[in-house]
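**Student:** If you scroll down you'll find the structure; I have some questions about it.
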Amino acid sequence: MKDADTMTALVIPDPLNLIGNEWVPAVSGKTMDVVSPIDGQPFAQIADSDAADIDAAVAAARAAYDGGEWSTLTAAERGRLMIRLSELILEHVEDLAQLETRDNGKPINQARADMKVTARYFEYYGGAADKVHGEVIPFLNGYNVEVHREPLGVTGHIIPWNYPAQMFGRSVAPALAMGNATVMKPAEDACLTALRIAQLALEVGFPPGVINIVTGRGNVAGQALADHKGIDFISFTGSPEVGVIIQTAAAKNFIGCTLELGGKSPQIVFDDADLEAALPVLVNAVIQNGGQTCSAGTRVLVQRGIYDDVVAALSERFKGIAASGSGEDAVLGPLISAKQKKRVETYIAEADAPLMARGTVRQDAPEGGYYVAPAVFGPCDPQARIAQEEVFGPVLCIIPFEDEAEAVKIANDTEYGLVAAIWTRDGGRQQRVSKAMHCGQVFINGYGAGGGVELPFGGIRKSGHGREKGFAALHEFSHIKTIINNHG
Ligand code: NAD
């Protein structure tokens, strides 16, 4: 056990990459500034890496996978390392959360929750490592047929800035559980906790080359990883535009990929819903992480009979929300960057629907930070741009509907399909509507972004493809080999 000072000290990683268990600068020697969204000030640096660094990381991962120490560990031994890492993350929740908040801007309480979820990823997948079984298939007489689940090899991971630590766990933990060796390119806008967690992984004794982290720009280091001929799979979370680039690169290398590209997720509120339970959840689904969540529930569909009441209640709540610095009492922190702030403010200014309510930015919010007052629009035409496109900020659209059939039509009528929620007490309707939703996850009388490590998650259409979380992710990071033995 470490002393209290060490456990809560904010340790800012040096501008180095982790390659083959060595901390090394970018081959070019270049670094780039890390800016805190809280005040817009640079406070750290990361390596500004390029193809040469990615080459070295992929080579280290290949060596680990092909005959290195990692390849000799049993599944239980892999799992044990992961569980030890989970425990160490829990010991460091406070310093990791402080670092995440400084780097990403999210309220400190959300950052603490994120660290616990990150630990849970390593615990869950560590526990699962030795529980993925093969099968024996009855075939012809004289044959024994075994189906094995094998790792893919070297897996590439490109993650976004909205949940740097959680995404590390979500993407890398299932790959490790299956015995792959990993190379991760975290987002240039926020990646310091990923580097700190990698430091903790060294402490628990992961062999060299199993976890490699190369920081840098998307169109340089990210592109080099996506294009690399030495990787066997790529897992990507981010924008649909870059998703197309990743899938194209994967196709050229004849490898698979998972894409998690965000959404415009509907929450349908029927007139028999328990509004007392629904209202705080509806608000939180938009405000959490400043609305910078792929599964944010940003389209609220409300049945006509209760429309005025729900709109009034939501407007009241949004008016009471103030963007602020990310301290203990914060609910809505700054957005990640000046670019994202401008993008969200442009959506608000150019919205093609009536503005119903606006929150505020607190007077004491630090100068220079990227604060945006939350906004509610309604009634929105379902086809309005503001009701169709992912804003990635604290912006809610409210859309009225008459009946179940119309609700289903509107809910499904975007290019995305990630998550949906249904608020109703009617059991038959819960079944009908959840089956009718075109998306990867449906909540009934609840909503949850983040967490739910056990629950398969992912989208269809412009939200991407493939599944993360749960055992589904273990299947993504492995392939099936069928061995047919004619033993006579
Ligand atoms: P992005 O897609 O550019 O960045 C995501 C990751 O991809 C980062 O690590 C980035 O460095 C990397 N990347 C960028 N270009 C690349 C390339 N050519 N090759 C390989 N990797 C590359 O996202 P952004 O610009 O940071 O955000 C823009 C919008 O994307 C947001 O407004 C939001 O709508 C969406 N987004 C979605 C998620 C999500 O969780 N699904 C996360 C972040 C952003």
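Just so it is clear, glycine is given a Cβ too, placed from its N, Cα and C backbone atoms.
Residues annotated as domain 'Aldehyde dehydrogenase' in TrEMBL: 23-483. As annotated by TrEMBL, active site applies to Glu260.
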**Student:** Which ones in the same chain are close to Glu260 (active site), with CB under 8 Å and 6+ residues apart in sequence?
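**Tutor:** Correct list: Phe236, Thr237, Gly238, Cys294, Phe457, Gly458, Gly459, Ser463, Gly464, Gly466, Glu468.
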**Student:** Tell me the coarse DSSP state (helix, strand, coil) of Glu260 (active site).
**Tutor:** strand
**Student:** So what pLDDT does the domain 'Aldehyde dehydrogenase' (23-483) average out to?
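**Tutor:** Average per-residue pLDDT within the domain 'Aldehyde dehydrogenase' (23-483): 97.
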